[in-house]
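Q: Feature table excerpt (Swiss-Prot):
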type	residues	note
ACT_SITE	Glu119	active site, proton acceptor
ACT_SITE	Cys369	active site, S-methylcysteine intermediate
BINDING	Cys139, Cys143, Cys146	[4Fe-4S] cluster binding site
BINDING	Gly193, Glu194, Ser225, Ser247, Leu248, His249, Asn326	S-adenosyl-L-methionine binding site
DISULFID	Cys132-Cys369	disulfide bond
DOMAIN	125-364	domain 'Radical SAM core'
Amino acid sequence: MSEQLLTASTPIDAAPLSDNTVQTTAPATSKINLLDLNRQQMREFFAEMGEKPFRADQVMKWMYHYCYDDFEQMTDINKGLRAKLQRVAEIRAPEVAEEQRSVDGTIKWAIKVGDQQVETVYIPEADRATLCVSSQVGCALECKFCSTAQQGFNRNLRVSEIIGQVWRAAKIIGSLKSTGTRPITNVVMMGMGEPLLNLNNVVPAMDIMMDDFGFGLSKRRVTLSTSGVVPALDKLGDMIDVALAISLHAPTDDIRDEIVPINRKYNIEMFLAAVRRYLDKSKANGGRVTVEYVMLDHINDSTEQAHQLAECLKDTPCKINLIPWNPFPGAPYGRSSNSRVDRFSKVLMEYGFTTIVRKTRGDDIDAACGQLAGEVIDRTKRTLKKKMAGEPIAIKTV
C-alpha cells in the first residue's frame with residue numbers, strides 16, 4: 001500500500017464486549033453520508049446506482065485526498081452521476097465547535113457530534129504530526145486518573161464521526177500548509193472512549209485511514225490503544241491489522257483493579273495473553289506492543305513497582321512509554337516527580353526494555369493525555385449515583 005501525507009458511563013458489565021453494535025443514531029438527513037462507507041461499501045452503493053466500481057474509487061479519492069465535500073468539485077465525474085449523487089448522498093463531516101492552540105503547536109478541536117462534543121488533538125513533532133482521535137462520546141471504563149472517564153458514557157461514534165475527525169483536521173491543516181504546518185502522518189485512537197467497545201465503527205474508520213483511496217496511511221502509522229477488553233481484542237486481530245498500544249498503568253492486579261476497573265473482569269495475565277495472541281497475527285507492530293504507563297505519585301511509581309513491571313512484561317515483547325500524569329479538577333492524584341520517573345525508567349532499562357518518558361504536549365489547553373473531556377450528557381446510572389452520594393475514591397499509596 002502506498003503511503004501519503006494527510007494534507008487537505010455505562011457500567012463495564014453492561015458495555016458491549018465481543019458483540020459490538022453499529023451506532024444507529026439517526027442522521028440529520030435521509031441522504032447516505034459517504035463518510036460512513038469504506039471502499040467495499042462504497043462500491044456496493046455505487047453498484048446499486050448502476051455504476052462501475054471505479055466510480056466509487058474516484059469519488060473516494062476526491063473525498064480523502066483533497067478533502068472535497070461538494071460533488072460539483074469532482075471534475076472527472078460526469079454531470080449525470082454528480083446530479084444523481086446530489087440527490088441521494090452527501091459528504092458530511094462533523095463541524096468544529098471550538099479550536100484551541102497551545103504554545104507548543106498542539107491544536108485541540110471540540111468537534112460537534114449531534115448535540116454533544118468530542119475532542120480531537122493535532123500534535124506536531126520534528127519528524128511527524130500525530131492526530132489523536134476519539135471513538136466514543138464519554139467512556140464506560142471509569143479509569144480513575146482520566147478526565148474522560150469522569151464524564152460517564154453516552155454513545156458510540158458512527159464511522160462518519162470517527163473518520164470525519166481525520167477529514168476535518170486534514171482539511172484545516174491543509175489550509176495551513178503555507179505556514180509550514182506539518183501534514184498529518186500518524187493517527188492514534190487514543191482520544192475519548194475505549195475503541196474496542198465500538199469495534200464495528202472503529203474498524204471501518206481505520207480501514208479508510210489505510211485505504212489507498214482513503215488517507216493512505218501505512219498500518220504502522222495507525223495505532224489503537226485499549227485498556228484491555230480481552231474478547232474484543234481477540235476479535236480485532238481477525239478484523240484488521242494496526243499498531244497496538246495498551247493502557248497498562250500498573251504492575252499488579254491489586255493496584256490496577258483500583259485505577260483501571262476493567263481489570264477486575266480481565267486481569268493483567270488475561271490481558272497480556274490476548275496481546276501476545278494479537279502480536280502473533282499482526283505485521284503492523286514489528287513483533288512488539290507499546291505499553292502505556294501513567295506515572296501517579298506514590299501510587300504506581302516506586303522502584304519496587306518498576307521491578308514488578310519488568311517481571312510482569314518479561315514474556316511480552318514491548319517498548320514502554322512512561323507518561324507524566326496530567327491533572328484535572330477534582331482528581332485525587334499527583335504527578336510523579338522527575339526523580340521518581342527517572343529511577344523507574346532506569347530500572348526498566350536495566351532489564352533491557354526500550355523505555356521512553358513521553359513529553360507532555362498541549363497541557364496548557366487541556367489537550368494532554370487523560371485530559372480530554374468534551375461535552376457529554378452523562379447517562380451512566382452508576383456514575384450519577386456516586387456523584388450524588390459523594391462516594392470517596394479509595395487510594396493505596398506506596
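Every residue, even glycine, has its Cβ placed from backbone N, Cα and C.
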Q: Just to confirm: which same-chain residues, 6+ apart in sequence, have a Cβ under 8 Å from the Cβ of Cys143 ([4Fe-4S] cluster binding site)?
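A: Set apart from Cys143 ([4Fe-4S] cluster binding site) by at least 6 residues yet with Cβ under 8 Å, we have Ala149, Ser227, Ser247, His249, Ile259, Val260, Pro261.
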Q: What is the maximum Cα to Cα distance, in Å and rounded to a whole number, among the residues Gly193, Glu194, Ser225, Ser247, Leu248, His249, Asn326 annotated as binding S-adenosyl-L-methionine?
A: 19
Q: Of the recorded positions Glu119, Cys132, Cys139, which sits closest to Glu194 (S-adenosyl-L-methionine binding site) by Cα distance?
A: Cys139
Q: Taking Cα atoms as reference points, rank the recorded positions Glu119, Cys132, Cys139, Cys146 by distance from Gly193 (S-adenosyl-L-methionine binding site) and give the first.
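A: When the Cα distances are compared, Cys139 comes out closest.
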Q: Tell me the Cα distance separating the residue listed as 'active site, proton acceptor' from Cys132 (disulfide bond), rounded to the nearest angstrom.
A: 9
Q: Count the other Cβ atoms sitting within 10 Å of the Cβ of Gly193 (S-adenosyl-L-methionine binding site), across every protein chain shown.
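A: I get 30 for this one.
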Q: How many Å lie between the Cα of Asn326 (S-adenosyl-L-methionine binding site) and the Cα of Cys146 ([4Fe-4S] cluster binding site)?
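A: Rounded to a whole number, the Cα-Cα distance is 9 Å.
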Q: Across all the protein chains here, work out how many other Cβ atoms are within 10 Å of the Cβ of Asn326 (S-adenosyl-L-methionine binding site).
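A: Cβ-Cβ neighbours of Asn326 (S-adenosyl-L-methionine binding site) within 10 Å number 22.
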Q: Whole-number Å distance between the CA of Cys146 ([4Fe-4S] cluster binding site) and the CA of Leu248 (S-adenosyl-L-methionine binding site)?
A: 13
Q: Mind giving me a neighbour count for the residue listed as 'active site, proton acceptor'? Other Cβ atoms within 10 Å of its Cβ, every protein chain shown.
A: 26
Q: For Glu119 (active site, proton acceptor), which DSSP three-state class applies?
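A: Its secondary structure by DSSP: strand.
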Q: If one looks at the chain holding Leu248 (S-adenosyl-L-methionine binding site), which residues at least 6 apart in sequence have a CB under 8 angstroms from its CB?
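A: Same-chain residues close to Leu248 (S-adenosyl-L-methionine binding site) (Cβ under 8 Å, separated by 6 or more) are Arg256, Ile268, Phe271, Val291, Glu292, Tyr293, Leu309.
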